[in-house]
Amino acid sequence: MAERITGHTELIGLIAYPIRHSSSPRMHNEAFAKLGLDYAYLAFEVDNSTLEDTIKGFRAMKVRGSNVSMPNKTVVHKYLDKLSPAAELCGAVNTIVNDDGVLTGHITDGMGYMAALKDAGIDVIGKKMTIVGAGGAATAIEIQAALDGVSELSIFNIKDSFWERAEQTVRNINEKTNCKATLYDLSDLDTLKKEIESSYLFTNATGMGMKPLEGKTYIPDKSYFRPELIVVDIVYSPAETAMLKMAKEVGCKTMNGLGMMLFQGAAAFEMWTGKPMPIEYMKDILEIKY
Ligand code: NAD
């Protein structure tokens, strides 16, 4: 690192709280080093109370860009100049790019999900997907899938505080894209079964299956899956959730959340540097298998 940092090195930030546990600094710095790019990626403990000053500082210091995580993802747009269409529709930003003083907010989670599918040889464009979730990750996936050309989305969620957000997402998709989206209550298991049966792909985009819900799934039994169905879980820790284990037993092609994590980073990396992330190298050093 000492050899890499010079007077010309450009800073990329990550602003969130808590954030010290993040694997993003390692991922981006390994990729910069591999490609010999003169950037350094550092995490900063920033919450809503210091967010505005941080963005002013980024402008003043001509920082090239930043990732943004909770609790700032749904607030930071107030301090930016422009938003990508997906960030606008999601109401969330996870990447900032500073082009000569113009700060644009992007959301790359959904792009990462779609790129991971493509990397795994899965083509969901023009097809139907059933997805569970209405939180930050789920919304980004649903919006990006609709923008990219998934023909139909059946969205399920429990009736918790995220329900209204799901209603808004469905309205946005139906008004602003060519995709047909419908929202269902996850407690209606007969409808869940029916919608999965007519889908090409099923995705869990909730925290079900990871701590504190590790070992659990809302899928009642194997009869909900068939061997031709593709089953995706965006949870990556554990790498194999109870739902993915069930899907594998049925014979489904499966994918965990590691690819989405890698490719959401890769999308941001390319926006900052103009260079594609060295994906196969990153898979090796981060021991990513999905
Ligand atoms: P969030 O808090 O914004 O959303 C939580 C979602 O889980 C909501 O839809 C909520 O209704 C649902 N939920 C909560 N308890 C539930 C239960 N008992 N049964 C069914 N649904 C329930 O969270 P988020 O940021 O959207 O993250 C969701 C999951 O996605 C987490 O496991 C996170 O680790 C994972 N994630 C993965 C990636 C990746 O790159 N692979 C990126 C972001 C998030």
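Even glycines carry a Cβ here, placed using N, Cα and C.
Among the candidates S49, S69, S199, the residue that TrEMBL names alongside S22, S23, S24, N94, D109, Y236, Q264 for the shikimate site is S69. Site annotation for NADP(+) in TrEMBL covers G133, A134, G135, G136, A137, I234, and the matching candidate from G110, G209, G257, G259 is G257. Residues G133, A134, A137, I234, taken from the binding-site residues S22, G133, A134, A137, I234, are distinguished by a CB atom under 6 angstroms from ligand 1. When the recorded positions K73, A134, A137 are compared by Cα distance to Y236 (shikimate binding site), the shortest distance belongs to A137. With helix defined as DSSP H, G or I and strand as E or B, the domain 'Shikimate dehydrogenase substrate binding N-terminal' (14-96) counts 36 helix, 18 strand, 29 coil.
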